[in-house]
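Peer 1: Can you keep this structure in mind? I'll have questions shortly.
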Amino acid sequence: MWREIPYMPLFATLFVQALATMSAYSIPAAAPAIAADIGVDGARVGLFISIVYGVGIFSAVLSPSFVHRFGAVRVSQVILVCTIVMLLTAALGGTAGAIALSGVLLGFAYGATAPSSSHLLISRTPVRLRNLVFSIRQIGVPLGGVMGGLLVPPLVLGFDWQTALLVQLGPAILLLVLLQAMRREYDADRDVARALTRGNALAPLRLLIELPEVRILCIAMFCYAGAQLCFIAFMAVHLTSMAEMSLIRAGQALAMFQIAGVISRPIWGWMADTLISARLLLALHGIVMAGAAVAAGQFGADWPYVLILLVCAVAGATASGFTGIAFAEYARIGGPGRTAESSGLAASMMFLGVMSMPAVFSVMVASGQTYGVAYGAVAIVTGLSGLMLLRRE
């Protein structure tokens, strides 16, 4: 089995994703230093991620045409170029406007990561290993987030925030050069005659009209991705304010969520390839995710720390671990000729969920609702999504 995995394109796409994600999360990780240096409120710097995902919604839908026309490797190189320019713009610009512009630049790249990587992997991966390979590729997202969270703060403290961004140029440039060596072989399927028309550009949206399976899957992935960010964004503040937990222990609980998401991805991929269908597994994810959300909403000072960690692990394994089999399922439904389009649609729906559900969660808590009620709302939408998938299965 392991000999059939396309290691070169797999790790190339994984590291492209990791570097793009690291650059995205570097700005929030350095937000206090950036805010103090450029003279703005730290919360405004935090809007950077919203800009990246907001632009990413559109680039995810529009990028498949470029993947077909120029090749997945060339688009991956463009992603790295955008990442490099983003880092330079943010570090050398030194203003709030430069930070915002860098978010737009990275957003153009970030939405294209899924369509380009899925197109590159689908034709080189045996069907019986598809879920496993796509799940391994998706490790690039939490890997990039962890690198940004672990490496950027020490660099900021040891040097400055500009240096913390600029040191990321080296790996990005190196990978950019290495991808060029792959392009002749892996972009041989590009269609240079493909027109970049509005019809082709909006091809991912046509899948919503043509395929009922896709519509249901999009609803579920919107809710699952939104739930993931609700856990990430509010877990630490919930545990410190309502469960009277120290910041260090709350951080450990959040780390447990992230670690469980990383470890579970290839496990779910293997299960979807060998034991049960990906759609059934995604349905079960939603139901278990709902249970974890209900439990998280009840966290209090009387909860044993070990039990809180267990809930965080279950939440991470489902709300964070689902993405690999989700992209593989979109690729299966879309078919070999429309893998980039289906993956672009998947990414755009996930990004939309990431932007929308945490905002609603925040409004609920700010308006006086308890965390239990807010997490209950998350449980309802994820549980219903899981039941919808289960019914279709």
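Each residue, glycine too, has its Cβ placed from N, Cα and C.
A TrEMBL annotation is a machine prediction, not a hand-curated record.
Taken from TrEMBL, the feature domain 'Major facilitator superfamily (MFS) profile' covers 9-393. Annotation source TrEMBL lists transmembrane segment at 45-66, 78-101, 165-182, 216-238, 250-268, 280-299, 305-331, 343-366, 372-390.
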Peer 1: Please indicate, using numbers and ranges, the residues of the same chain that are 6 or more beyond the transmembrane segment (343-366) and have a C-beta under 8 Å from a C-beta there.
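Peer 2: Contacts of the transmembrane segment (343-366) (Cβ under 8 Å, skipping residues fewer than 6 from its ends): 50, 53-54, 56-58, 60-64, 111, 113-115, 117-119, 204-205, 207-208, 214, 217-218, 221-230, 233-234, 323, 326-327, 330-331, 334, 373-374, 377-378, 381.
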Peer 1: Under 8 Å for C-beta pairs, could you tell me which stretch among 78-101, 250-268, 305-331, 372-390 has the largest tally with the transmembrane segment (216-238)?
Peer 2: 372-390
Peer 1: Let me spell it out: take the transmembrane segment (250-268), skip the flanking residues so only those 6+ beyond its ends count, and list any with a Cβ under 8 Å from a Cβ in it.
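Peer 2: For the transmembrane segment (250-268), the list is 131-132, 135-136, 138-139, 142-143, 145-146, 228, 231-232, 235-237, 239-240, 281, 285, 308-309, 312-325.
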Peer 1: List, by number or range, the same-chain residues at least 6 past the transmembrane segment (305-331) whose CB is under 8 A from its CB atoms?
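Peer 2: Tertiary neighbours of the transmembrane segment (305-331) are 114, 118, 122, 130-131, 133-139, 141-142, 214, 217, 221, 224-225, 227-228, 231, 235, 239, 243, 245, 249, 252-254, 256-269, 272, 278-279, 281-282, 285-286, 288-289, 291-293, 295-296, 299, 339, 342-343, 345-346, 350, 382.
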